[in-house]
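J.: Feature table excerpt (Swiss-Prot):
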- 1-20: region 'Disordered' (REGION)
- 10-19: compositional bias 'Low complexity' (COMPBIAS)
- 108-158: coiled coil (COILED)
- 171-194: zinc finger (ZN_FING)
- 193-202: compositional bias 'Basic and acidic residues' (COMPBIAS)
- 193-212: region 'Disordered' (REGION)
- 196-283: coiled coil (COILED)
- 233-262: region 'Disordered' (REGION)
- 237-262: compositional bias 'Basic and acidic residues' (COMPBIAS)
- 310-365: region 'Disordered' (REGION)
- 319-335: compositional bias 'Basic and acidic residues' (COMPBIAS)
- 321-416: coiled coil (COILED)
- 344-365: compositional bias 'Basic and acidic residues' (COMPBIAS)
- 409-466: region 'Disordered' (REGION)
- 531-626: region 'Disordered' (REGION)
- 534-558: compositional bias 'Polar residues' (COMPBIAS)
- 560-578: compositional bias 'Basic and acidic residues' (COMPBIAS)
- 586-598: compositional bias 'Pro residues' (COMPBIAS)
- 693-756: region 'Disordered' (REGION)
Amino acid sequence: MLGQFSPGEPYTTSLSSTPPWSPANQFQLFRFRSRTEPIDWRRLSTLDVDRVARDMDVSVLQDFIMTVTFCALEGERCPNCRGPVDPSLVKLLRMSQLSTEYLLQCQDFLSSQLAGLEERLQAATSLVQQGEGQRAELEKSLQETKQENRRRKQLIATQQLLLQASANNYHKCQFCEKSFVNYSYLQAHVQRRHPEVTDAEKQKKRKVEEMEDGIEELKEKLRLTQMQLQEEQQADNLRRQQEQEQQRRREQSEKEALERWKEDERRKFNQEIADLRQLFLQESKEMASKSSSIEAKLLVLQNKEMAGFNNASLQQDSDPEKEMRENRERELRERIARKKSEWRRKFQEAQKRHQQENKELKSENSRLLKALSVEKNSTSSVQKLQQQVVSLSSQLSQKDRLIKSQEEKIKKLSATPVPVSVVSLNDQDSSEEPVEQDRDSQEDSDEPQWKAPKIRKGKPALMRESKPILEESLEQKLENMGLRKGTKGISKQTFKSLSSLLAGQRLQKFRQQTNLQSLRDSLTLEVTRRVKSLQKSSGKPTPNTLKQRGKKTSTPLNEKSLRFRQDSKASDRREKSQQPKTLLPTPTPRSKAPPPNQTPKILAKKNSTPPFSSDEESVEDTAYITSSRGNLSSSVRVVQSGSLLNPTTEPDWTDSELSEDLDLPKIYKTCNPQGSVVQTLTRSLERQLSTPIKTPVGGTRVLPPSSTTPRPAIVKQQALSGEESDSELSSIEELTGRRAGGHKSLEVDRTSGTSA
């Protein structure tokens, strides 16, 4: 049957020269058959195709393969409608039949080929078995031959021994072919027939003896030299052992000193932590007592105010005011709850960041200690590692102190309640409101306004787009200089090496561009001239008046030109002249802006808060919450003390806040790690509580009165060294200068905008 393999069929083409599986032979013999098989529709209807596919029943397929392949479908009609079969379906079925027939032919062909290959495999297997038998026979004969060869060799060896024993009875002359029975005859023959050989032999023997004597002398000298070398080697080994012992003792003493120093530092650190914890607890108790007293007074005032509103004539007017006050209190409580959750989240983030930095510093410390144990022979490397360990431990202690100060600030700000003022609606309040707002706007207008238009004219979108580009270029330059990304500080040795590298690059660029200094001077003069002309034309104060005031900052271009002109001696004189100024407390007048190197310390100007609306929730991280823009009756300004000093304050996601993030390292530098941040916050809060407040007519004072006056702010001026004016760091200085200037000007614009 077609498609089935019968093993009994002869396979005659297996030994032919032409391969039996060639396509030419296959297609010459293959022809499509006619379709004459009948269709058993009943049997086909009882067939379960899904079961056949699921069980892979090949026998059922083998039964139906001939019927499906060679059936005629042209005359078949539908049993229901007796209509002819669709021609397209007939074509499809015929193509499937032809494909199946071709596949059956391929199956038969492959089956025949498989049978031939099996026969050839059997023949090859029989040949291999015959070869194995022959090989076994050959191996057996080889073993017998080897044994015979071994016996023959033994026989030949015994015969050679016998022949050599018989030949030793004769003494053959070395110079001719004669042999003698006795050795005396041989010597007489040599002396008689070969006299020249005997003289040469004597001379040779004499020379050999002389050479042997010289060799003996040389051996004696070599022995003495080896003994001396051994003695010297022993002395050298002893000296090396002594040096190693001394080095080991020195390293042991240094390690003990390092351990003692680490123990002392750890003890000091624990003592400082305990002192700071005690200080924080004491200050938190004081703040809690103050807040409780303020809340008690607030409740008393609220009770008094509520008692005044119980009159029958004002009953109708007090209902909307009461609802408004309740709404404000509810909004304030919700806002305080949000604040607490945000502070708690930031506190956890700061703790995680601190733990990660602590782990990094510990891993760096362990790596340095391992390097210290490996490099035992170099005392200089040990000193360098000790310096690095000291710097890392100091950084770790500073980080811990900063984290502690942040925790205390978070606790204080979360524990401090925000007072709510009970305000009565009177005609006098509404009439006094514009007067107070005008007074505030006049007080805020005392701030320098010559920086504010610059920020108003600026494009925030352009600033947002240029900021990541500048930051990326700065990070690339720092990485090219050898500083890894995320580095928060460098050691003195790294600073010295980078300074020498920058000095060399600066000198090289200066040699490449000889006209750099003249171009710089000309640009400086041109910029100064244009600034003076613009200031004169606009009526703004000139740099001379700013210099006389001593508080307003010049433009970044003027600062850069001044830095380019100053040399190292001038910077030293400026530092010496400014050091006594930094120690004296100087008042900060309203009409002068703080310099860019100072940490701005903004005090509360007015205790008036607007109604809490959604428009004013974006200013939680700034120093001021702006006053109301509407025509409401009264307003109280809430001041968050220490918000400028707190680096983990909630971001406002504005351009001004993005510029404030760049000034955080300066704030960290100005903060004293011994808890001075907490003390500064406490003093500022006490000053705010003790500052006299102007209340509108009909308003109620919610804070206790105090007779203390605010202390003058201590201004810390930082001197810039003249060595930072190189061309490589110019982009860094411009970037930091612009951001610092933008930060200060944005703060000025914000304070002036609150009064508008």
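Note that Cβ sites are derived from N, Cα and C of the backbone, with glycine treated the same way.
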J.: Counting only residues 6 or more past its boundaries, what in the same chain has a CB within less than 8 Å of a CB in the compositional bias 'Basic and acidic residues' (193-202)?
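T.: Cβ under 8 Å, 6 or more out: 173, 175-176.
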J.: According to DSSP, how is the region 'Disordered' (193-212) divided among helix, strand and coil residues?
T.: 19 helix, 0 strand, 1 coil
J.: By DSSP assignment, list the helix, strand and coil residue numbers for the compositional bias 'Basic and acidic residues' (237-262), in that order.
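T.: Helix, strand, coil within the compositional bias 'Basic and acidic residues' (237-262): 26 helix, 0 strand, 0 coil.
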J.: Just to confirm my parser: what is the rounded mean pLDDT across the coiled coil (108-158)?
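T.: Its mean pLDDT is 94.
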